[in-house]
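Student: This is the structure, below, for whatever I ask next.
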């Protein structure tokens, strides 16, 4: 089996003859996408929950740092752990998800991961000390790790090629909507009630997924052809001849059903997509996106920007808009061009934000600066009002750039490139890489801001 065939998207072979292409187009013309969209919406309630987890720390940390109860008050070091410990749970969740998704299926994995979401937020709501806060964050991180692996896989195995790119981009779109939801809710609710609000999306996911089908690909791997045809009939509508697609999936599965062994790592069809997936996840986190989203409000406070909580909402809204744009153009523009455009935009915007910090933040690194600070109070720390726009503008540009390419694309590519026999292992290694790097970035970032 050659490389292209080995790494083709799940439901479709990329190397069709003209006759095959014509037959496929005829089939897809009869497909109705209504229930596919419903199934996708039910699944992406997981990434929405995941977004609330990521966004929760930004409004919660400033409040917990000032709270009067000494059992809950967070120091700078404790705040950095509160923000970053969720990524440890997510890394573990990625490993766990790679195993359970092959054992119990995509649907049940999604329903199961709703439980640590709900339990984690419940522990945070009832928290009486720091350790309860940490445990709650680890549990919600665990669920996030499973979700970040299972949802792209569920969508890639239920969507057909005409909408797979758009549906796959909805994963990142719902994550950023969740982050914005946490920021907006944090404007009006304290940290306990924010945790209550954050537990609503996973509860809805648990209920909605009860009525959604398992993926046809997994059902066929379990020898359940009749159930697979019923699932396809649900997803494609009554007019599509689902037996044709079912036969194609079954044929692809039989060609790839051999089990994985370490010797397969020598196969270019295995190690090339594995290397690409891991590198894309590594680069995504090295952009620093999770540090920015975890500590957005703190960053603006450090930059002496007034109304830092409102600024974080503006930045999150920017991310939602541009992630939606990426979802709409992903299949037309192509993954590569969006990644290049995204990288250049982030590079420029971070340089501009660095200039803003240089111009406005008093580092007090000389005795003369200290003397001036003592004499003039906080005057030296106030940024020129005509530069305030630079902070929000540069941060918004960074988020827009990330959302266009490096946000959704690595997760989408991860769900597409792996051969069947290594899909669970490959996805787990990618998620583990992503969240391990996220932990290093988020844990050190808070300390770097203080130093």
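Including glycine, each Cβ sits where the backbone N, Cα and C put it.
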Student: TrEMBL tags one of 12-35, 36-59 as transmembrane segment - which one?
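Tutor: Result: 36-59 is the stretch TrEMBL calls transmembrane segment.
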Student: For the transmembrane segment entry in TrEMBL, name the matching range from 337-357, 358-378.
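Tutor: Residues 337-357 are the ones TrEMBL records as transmembrane segment.
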Student: Is the count of Cβ pairs under 8 Å between the transmembrane segment (134-155) and the transmembrane segment (79-101), pairs 6 or more apart in sequence, 3 or more?
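Tutor: Contact between the transmembrane segment (134-155) and the transmembrane segment (79-101): present.
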Student: Going along the chain, which residues at least six beyond the ends of the transmembrane segment (274-295) come within the CB cut-off of under 8 Å?
Tutor: 54-55, 57-58, 61, 83-84, 87, 179, 265, 316, 346, 350, 395, 398-399, 402, 406-407, 409-410, 413-414, 417-418, 422, 426-427, 429-431, 433-434, 437-438, 441-442, 445-446, 449
Student: Which stretch from 36-59, 79-101, 167-185, 387-413 shares the most C-beta pairs under 8 Å with the transmembrane segment (191-212)?
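Tutor: Highest pair count goes to 36-59.
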Student: Who are the chain neighbours of the transmembrane segment (425-445) in space, where the CB to CB distance is under 8 Å and they lie at least 6 residues beyond its ends?
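Tutor: Long-range Cβ neighbours of the transmembrane segment (425-445): 80-81, 83-84, 87-88, 90-91, 93-95, 97-99, 101, 141, 145, 148-149, 152-153, 260, 270, 273-274, 277-278, 280-282, 284-286, 288, 290-291, 294-295, 410, 414-415, 418.
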Student: Go through 36-59, 79-101, 108-128, 337-357, 387-413 and flag the stretch with the largest number of C-beta pairs under 8 Å relative to the transmembrane segment (167-185).
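Tutor: When the Cβ pairs under 8 Å are tallied, 36-59 comes out ahead.
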